[in-house]
Amino acid sequence: MARAIIIVIDSLGIGYSPDAVDFGDVGANTFANLARAYYEETGKEIFLPNLSALGMIKACEQASNQTFPYQGQEPSKGAYGFAQEISTGKDTPSGHWEMAGVPVLFDWGYFTDKNSSFPTSLIDDINRETGFDGILGNCHASGTEILTRLGQEHIETGLPICYTSADSVFQIAAHEEHFGLDNLYKYCETVRELLGDLNIGRVIARPFVGDSADNFARTGNRRDYSVLPPAPTVLDKISQEGTHVISVGKIADIFAHQGIDEKTKATGLNALFDATLDHINTAQDNSLIFTNLVNFDQDFGHRRDAIGYAKELEALDVRIPELFHAMSAEDVLFLTADHGCDPTWPGTEHTREYVPIIAYHHQIDSVNLGNRKTFADLGQSVAELFNVEAMDYGTSFLSEIYSK
């Protein structure tokens, strides 16, 4: 029976969507804008021969009605299209849950105040339950900036650094040695329980190391504590029917470990890619391998590093043929994204954009999937592939990728 591989190139948006005006994101285009910035800075065109052959660049051109400097080729061996998000937010859980067939049609809770962001009553509850005398931060911040600003005070006082953003998150940074990784995880678990009716999507543990503001750096031991999806995702449905669902990276955390049978953690593009290849080489028939390449978002999108983002895409492109070589005749590969995070855009937050929908198997020719009305088309296609009950949202494109 077939195996499927889903790889999420985290934050690779391909052009602002029609509702971007509601998010202040009209003009955002993660892919095109980073490619332009790369060309302007280096004088080089981004070199993506393998992703372009799959239709990634063509999908961006169709979604945004614009082009950009690149070296590549016309689509020749993959189905390509672009999908619009119908979920109310542009956050990680919303994007992933929607691509798994369950869009988020309710409003998340947010901490909207830029300073003194958390309710006093919540902070009091956290201090009482954890035994700490207070918190540092209590504001909107980027993860790197707040470590530079408060990392030393955290080491000296022992107080956790708590901060948020435009997303529905409560983030907690703590030093792995001075605070302790297990203590950080326990603290996050307590906060998750105390958030209660505030409807906050995720509590995120952000461990770091270093001995001064000059070298504080996050580690790969991040952990996300998500609420449950509002309905069974396609992962739940196929797992219940016997498909072996494998998470690589932070997928299991995003889905609150629901519908996941096996988990592999890894840090960095190459380690995540290697773990994915290992599973392709060893996974049984009737398996789904689901990988999130988080570094595109956290290392380059949020940090507004267009040049680094472009180089990382080139590094990914070099490795794409390894997927083809590892895949069996029955396997199908999907490449997509969960939202945008334009590294040329003001601020540090996600951007509301179309995402690519790319599909590949060994017998496929080039197929234009066009404009998909929801990320859930991917989940519906996976449901059909594994012959389980249809999802409530989305239109399968499975017949289109096997029609030629």
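Just so you know, glycine gets a Cβ as well, placed from its N, Cα and C.
Look at Swiss-Prot and you will find Asp10, Asp338, His339 tagged as Mn(2+) 1 binding site. Sequence-distant neighbours of Asp10 (Mn(2+) 1 binding site) (same chain, 6+ apart, CB under 8 A from its CB) are Thr92, Asn292, Leu293, Val294, Asn295, Phe296, Asp297, Gln298, Gly301, Ala337, Asp338. Under the three-state DSSP scheme, Asp10 (Mn(2+) 1 binding site) falls in the coil class.
Asp297 (Mn(2+) 2 binding site) falls within a helical segment according to DSSP. Marked as Mn(2+) 2 binding site by Swiss-Prot: Asp297, His302, His350.
With the fewest other C-beta atoms within 10 Å around its C-beta, His302 stands out among the binding-site residues His302, His339. Least packed by the Cβ count within 10 Å, out of the binding-site residues Asp297, Asp338, is Asp297. Close to His350 (Mn(2+) 2 binding site) in the fold, though at least 6 residues off in sequence, lie Ser11, Lys90, Asp91, Ala166, Asp167, Gly301, His339, Gly340, Cys341, each with a CB less than 8 Å from its CB.
In the three-state DSSP reading, His302 (Mn(2+) 2 binding site) counts as coil.
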